[in-house]
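Look at TrEMBL and you will find 60-270 tagged as domain 'Cation efflux protein transmembrane'. Annotation source TrEMBL lists transmembrane segment at 61-85, 122-143, 163-181, 220-236, 242-264. Residues or ranges marked as domain 'Cation efflux protein cytoplasmic' in TrEMBL: 275-352. The region 'Disordered' annotation in TrEMBL covers 358-378.
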Amino acid sequence: MIDRCNSCGTNLFKKCLIENEATFELEKRLEKLINGELRMQADKRLDETHNKTRNRSYTGLALSLILTLFKLLVGILGNSTLLLADAVRSFSDFINNCIKLLDYSIGSKPGDESHNYGHGKITTLCMGAGAVILLFASFHMISLSFGELLMFLQGKEPKMPEIIALYAAILAFILRNVMAIRTENLELQAKENSSKINTLVKKLSITPIKRSLIISIKDLLISCFVISGIGCTFLPGKDFDIADSFAALLLSLYLLGTSGILIYKIANELIEASLDEENNLRIREIINKTENVKGSGELKTRRIGKSIAINASVNVNNSLSILEAAEISNLVEERLKAAFTEDTYVLIKIEPVPGKNQNFKNKGRSSNKKNGEKASLF
């Protein structure tokens, strides 16, 4: 017996079903509205973070340019080869800030019709050009300082640095490190804000923070090395006269090695080299731990600027429908983007478990053979 409403005689079950559908539809609309507002707020905060970081990059760009020109001028007037080599190091900071601005303006743009994988390679090419310039500058400083060392070994007196070179090195040390501490703190704050905006990333990776601290300590040690190298030339004794040129040679060799390593990494990226073994193993682990994934097959990875591209084949049960396989593929893609970045390019190919499935063409051939018919090639 069907229960009906006493007032209007409507089927109560049908009425309840309609009300539930209306409630569900209303909840979906509210969820879309809330998600849209949250997304707009997140995008607004992300734009503010990018603008702050861009302004810091402009400040760092101006400071590194001023320090480069200042060290070059004082190094020439004060007869300090070490200060000239330190000017090359400041020029590398200038190149780094230029690349940051270029990355914010062009490299971070999403893909379009003519650049399907984004614009990350532009940043890579400019970084390679800067590394080549740094390489040639390092070679020039090596030849200059080595020539002064040869003069000293031949018994000739080298040109002594002026006291103004020491004062300039101390002033540059103070300005650069104070600005570096301020800029790095703001950049770390921006990274924390970005990680809070991105809901897929559970926590901020400690690796960029460690890398920033290592770079700060390294720059601090190099600055102290420059001041000590210039200051040693004012110590009594002729043996200290060559301290400036000797320290300049060591610093130039360091810059040469740094530029060489950078060129090697950029060349690997331009020739589409795969990621390192650690990241590849991490990708396979994420894929294999995804629900309903039986294993992973071929894996291809490469770097596109700051982002990466992942092409992977995933093995699933052959009894799954196309819709279920597509859901697994989407889940794997979400897990990979959550582990790396939202800009990660992911292409997943679904395949059956090897050895447990038979191709439908082979099945057709075997059935034709059983019926005494000629097997088709297709």
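Backbone N, Cα and C define each Cβ position, glycine as well.
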Checklist line | Residues of the domain 'Cation efflux protein cytoplasmic' (275-352) by DSSP state, where helix covers H, G and I | finding: 30 helix, 28 strand, 20 coil
Check: In the same chain, which residue numbers or ranges, 6 or more beyond the ends of the transmembrane segment (61-85), come under 8 angstroms Cβ to Cβ?
Finding: 91, 93-94, 96-98, 101, 141, 144-145, 148, 159-165, 168-169, 172, 175-176, 179, 226, 229-230, 244-245, 247-248, 251-252, 255
Margin query: Ranking 163-181, 220-236, 242-264 by the number of C-beta pairs under 8 Å to the transmembrane segment (122-143), which range is first?
Written below: 242-264
Margin query: Can you work out which residues elsewhere in the same chain, 6+ from the ends of the transmembrane segment (220-236), have a Cβ less than 8 Å from its Cβ atoms?
Written below: 80, 82-83, 86, 89, 160-161, 163, 165-166, 169-170, 172-173, 176-177, 243-244, 246-248, 250-251, 254
Checklist line | Mean of the pLDDT scores, which run from 0 to 100, over the domain 'Cation efflux protein cytoplasmic' (275-352) | finding: 87
